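What Swiss-Prot says about this protein:
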| type | residues | note |
| --- | --- | --- |
| BINDING | Phe80, Met81 | L-tryptophan binding site |
| BINDING | Arg102, Lys190, Arg264, Lys266, Tyr268, Tyr350, Tyr414, Tyr418 | substrate binding site |
Amino acid sequence: MGSHEVELRPWQSLAAGLGFSSPDEEYWWTAFAQPLNQLMEWADYSIAEQYRVLAFLHRYVIPTCGPKPYRNGEQYWKTFMGFDHTPIQVSINFYNSKATVRTANIPICALSGSALDPINQKATADTLKAQKHLAPGNDLRWFEHFAKAFFLPNDEAHLINAKVSDRVLAMQGVQGMLSYDFPPNRTQTKVAMSPIWKHIETGRPIGDLMIQSIKDLGDEATGYMQSLQVLEEFIESEAAKDAGVSPAFFAFDTNLSENYKSSRIKIYLATPRTAFNRMVDIFTLGGRLNGPEMDRATQALRLLWSSVINVPEGLLDNDDIVPKNPHRCACVIFNFEIWPGASVPTPKIYLPAAYYGKPDLEIAEGMDVFFKSQGWNQPFHSYTDNYAKAFLRDQKVTCRHHDISFSYKGEGAYVTAYYKPELDAFADAATWVPEIYK
């Protein structure tokens, strides 16, 4: 390469070679592919893997991001994913000696919000159908089942939407969010749904709707019933009421391989409570999950909690924390994985860094403290150095911590950092113009 030539990174090279069908797609590529590329470099993905993942993003994800923001930065379709309604997210998972990059987005199209798609249902269905051929085992039976249960005809959706004055609630009524994990040479797809619109239509509790829809899978759900029953008992318990627990949404794999033996269902609970003891109550399902592994998990959770959350000095374990960013979505989220044949669910907690966390670089330092406590020492475990290299530009953070999730599997912690790209750091809607699509 000549000294005057500039070496393109994979996200730039793919853009130059593949182009875009609209300025909107080029905008979202600029805002989405850059941080994803940086995250893959952090996770030590090979160049070939970086191209594979970015090619998937270009073909299947970018066209579903919808119109770019208005010039004032306001989103075309406002979602619950972040306090500023950014509909995209990148994340990196750490487990033992592996780092895995993931993405999530709420599919949106130009018809979202119109009479032809009042509550944004079309883009999710279209995206999954387009991806159906991707891999053996990629199966839409469950999506079709749950869509039948919770999607509304457009005429009904239009009437119900017009009656909802609480627009924050409407934004939380996500009919479909898609997330992708990118382990070596594979793509794993997960669909998340919230039956809020069906709840508004019928008046039935959200938790009842979710659990009944899982039971309605019939024989395919038989292996999940034991874990589901444990979760149901907790949701209906006084401990759950005391902790302010509300069922929020659920998710499921579309990779229904091995006759469903490798497929998860996740049920998400939310609470506005932030006292550490309440977190433990929910994480352990009121003590239903117990034993030496759970003891190790709660000890590790305490360290991670204090490492990334801005806990006031002297705060007692029964005291709640006041959010730095007061917002209806400033909740602590939990999910409980249920697997076929498992006797109890597997818990995960999402620490809400965007609302209760320390400044981003202090969170990074806290992650280093936690990683060292786990004995993690791979190059990608140098969290502060890697975070600064990936997401610090001219002393400004370009991707903010939104959540830090924690679970415990076997002998070790399972931790994921979720980031909200600062869109104006990559493509400021007020000044951005396409370079490739002209």
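Every residue gets a Cβ built from N, Cα and C, even glycine.
Residues within less than 8 Å, Cβ to Cβ, of Arg102 (substrate binding site) and separated from it by at least 6 positions along the same chain comprise Val90, Ser91, Ile92, Asn93, Ser179, Tyr180, Asp181, Phe182, Thr416. Our reading of the substrate binding annotation (Arg102, Lys190, Arg264, Lys266, Tyr268, Tyr350, Tyr414, Tyr418) yields a largest Cα to Cα distance of 21 angstrom. Taking CA atoms as the reference points, Tyr418 (substrate binding site) and Met81 (L-tryptophan binding site) are 11 Å apart.
The 10 Å shell around the Cβ of Lys266 (substrate binding site) contains 19 further Cβ atoms across the protein chains shown.
Rounded to a whole number, the distance between the Cα atoms of Lys266 (substrate binding site) and Phe80 (L-tryptophan binding site) is 18 Å. There are 22 other Cβ atoms within 10 Å of the Cβ belonging to Phe80 (L-tryptophan binding site). Residue with the densest Cβ environment among the binding-site residues Tyr268, Tyr418: Tyr418, by other Cβ atoms within 10 Å.
Within 10 Å of the C-beta of Met81 (L-tryptophan binding site) we count 22 further C-beta atoms, all protein chains included.
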